[in-house]
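Annotated features, as they stand in Swiss-Prot:
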- G73, P74, E75, S76, S77, G78, K79, T80: ATP binding site (BINDING)
Amino acid sequence: MDASVKTLNTEKAKALQAALAQIEKQFGKGTIMRLGEGEVIDDIEVVSTGSLGLDIALGVGGLPRGRVIEIYGPESSGKTTLTLQVIAEMQKLAGTCAFIDAEHALDSQYAQKLGVNLQELLISQPDTGEQALEIVDALVRSGSVDLIVVDSVAALTPKAELEGEMGDSLPGLQARLMSQALRKLTATIKKSNCMVIFINQIRMKIGVMFGSPETTTGGNALKFYASVRLDIRRIGSIKRGEEVIGNETKVKVVKNKVSPPFKTAEFDILFGEGVSREGEIIDLGVIAKVIDKSGAWYAYNGEKIGQGKDNSREFLRENPELAHEIENKIRESLGVALLPSIEIEVPKGTKQAAAGA
């Protein structure tokens, strides 16, 4: 009995090996592999979101490359700001980025303030949804673009809708367009290691009695094809006296195929500046017990940083070395990769000028 089972297993192994060889011959080497061979799952390449808290919540230190990402939320919640920060981070890694501005609403001056290099950014303002997705497909297939942002899915208007009358009913047209495009895109996105971020808006479903009435535009295809889905919300305002200077923002990782989902991150988005790095250092420092909070005062190593978050934020902005030191201590305690030495970041001319002065 044992001998016959062994013979059967040997025959099955030979048949499998022949099938694998045939598949590789027909479709190319690497088309099919065993998961345990090691060459299949490499370390996931990621790009920082520009927010330390969100990078930690994502579980892999940022957004994964070669994947589809969806970022959605209400109006003025920080969707475009977050994607512009991701573009800035990708450009720091010498990556090529493209922005498909279907809404025709990109503020180039604001993008520049967030650290985006406009000279290197590719931008397209397509007329129709089909044109926008054809451009995305061409850029992905080129293999030379590292990040593409589509702003937004709701603005990808099908050609038939644009050419029709104002009152025409064309149900499911945009959903079919997105479904077809994502079927074509997914495989090439993985091969080219290009990250595609779709910004999406929220709509309300009518007549929903139980559960959330909120839904995103463009049908269900994007929900399935996206490896990461981020729900971004404004939860409060940041004031300096009576003046509102920014928004308190909460991001929930609704879906995550590369790490456990449902984690959240909270950070400040300051108008004209983007995600407040110093604000995050203070908040995460208190959580990690690197910074002590007593009443309204914040202290580090027994020395007071400032009274109130706004003053503490300004102090850290004026003392980048200290901010760098605190951030690395936070990263160490939370098990995230440390930042490089600050000497690398500060230009040499600055030190010489300071010494000469």
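The backbone N, Cα and C atoms fix where each Cβ goes, and this holds for glycine too.
Annotated features taken from Swiss-Prot, shown on the structure.
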residue : record           : Cβ contacts under 8 Å, 6 or more apart
G73     : ATP binding site : K79, I202, D231, I232, R233
P74     : ATP binding site : I202, R233, R234
E75     : ATP binding site : Q201
S76     : ATP binding site : R234, N247
S77     : ATP binding site : I232, R233, R234, N247, T249
G78     : ATP binding site : I232, R234, N247, T249, I269
T80     : ATP binding site : L106, D151, I199
>> Take the mean position of the Cβ atoms of G73, P74, E75, S76, S77, G78, K79, T80, the recorded ATP site. Which other residues of that chain put their Cβ within 8 Å of it?
In response: I232, R234
